[in-house]
Amino acid sequence: MNKTEQDQLKKEAATKAAKMVEPNSVLGVGTGSTVAFFIDALGERKEREGFSLKHIVTTSNRSKKQLEGLGFKVDELADIDQADLTVDGADRVDDNLDGIKGGGGALTLEKNVAINSKKIIWIVDESKLVHHLSGFPLPVEVLPVSAEQNFKRFEAEGLKPQWRLNDEGKRYVTHYGNYIIDLAADPTPVPHGLADYLDHTVGVVEHGLFLDMCDEVIIAHSDGTIEDKKRK
């Protein structure tokens, strides 16, 4: 499948998700190539139906600029109590609809939006599907003051940590001024155990394991089909 065909599938999946958004609701919007198609589909609804939303919050400046360019007003997370629906992408999704997110470095804001949402839908293509969470480094955001100790601790646990670097080869700094340590992309058969370990590690701000959060995944398959998979 070439990129044009893949983009067409992503667009179809994103359009399906856009149809699920209720008018005058509070919407959370993630980021990524598939989410960009979702935002375009919202813009088409706005133009065609006069579609509007009560509030929109987003997890990236890129999505914010795209939404504002289509005439939507984007609010801060602090401006809302709870999103009715959040639509986002994911770096990996397993059979239980648990996922790894944060490849773009915005995992803390992504999780904040997610936990303040009544419903979460992820849009992905089939390349993101795995049986057990693996095949993509797990990002862990850490405080600079404890980063070295965290790195050594992760090494001792056999988690094969790597510093995330920017384009200049220096440590990547998040929106909140923290570092990211990427853990090994090895299979994670017990993700809840790893999440619990990270949740109780001093200096860890947030991690990219999104467990028991996603309600529905819309999957674009290479055979041209769109699958709608819901949490059991």
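Any Cβ shown, glycine's included, is placed from N, Cα and C.
Values in this document were obtained by computation on a predicted structure and should not be read as measured data.
Sequence annotations record features per position, and here Swiss-Prot assigns substrate binding site to T31, G32, S33, T34, D88, G89, A90, D91, K101, G102, G103, G104, K128 based on sequence analysis. When secondary structure is read from DSSP and collapsed to three states, K128 (substrate binding site) falls in the helix class. Around K128 (substrate binding site), taking its Cβ as the centre, 22 other Cβ atoms fall within 10 Å, counting all chains.
E110 (active site, proton acceptor) has a Cβ environment of 25 other Cβ atoms inside 10 Å. Among the features that Swiss-Prot reports, active site, proton acceptor is placed at E110, with the record citing sequence analysis.
The maximum pairwise C-alpha distance among T31, G32, S33, T34, D88, G89, A90, D91, K101, G102, G103, G104, K128, the residues recorded as binding substrate, is 15 Å. With respect to their backbone Cα atoms, S33 (substrate binding site) and E110 (active site, proton acceptor) stand 16 Å from each other.
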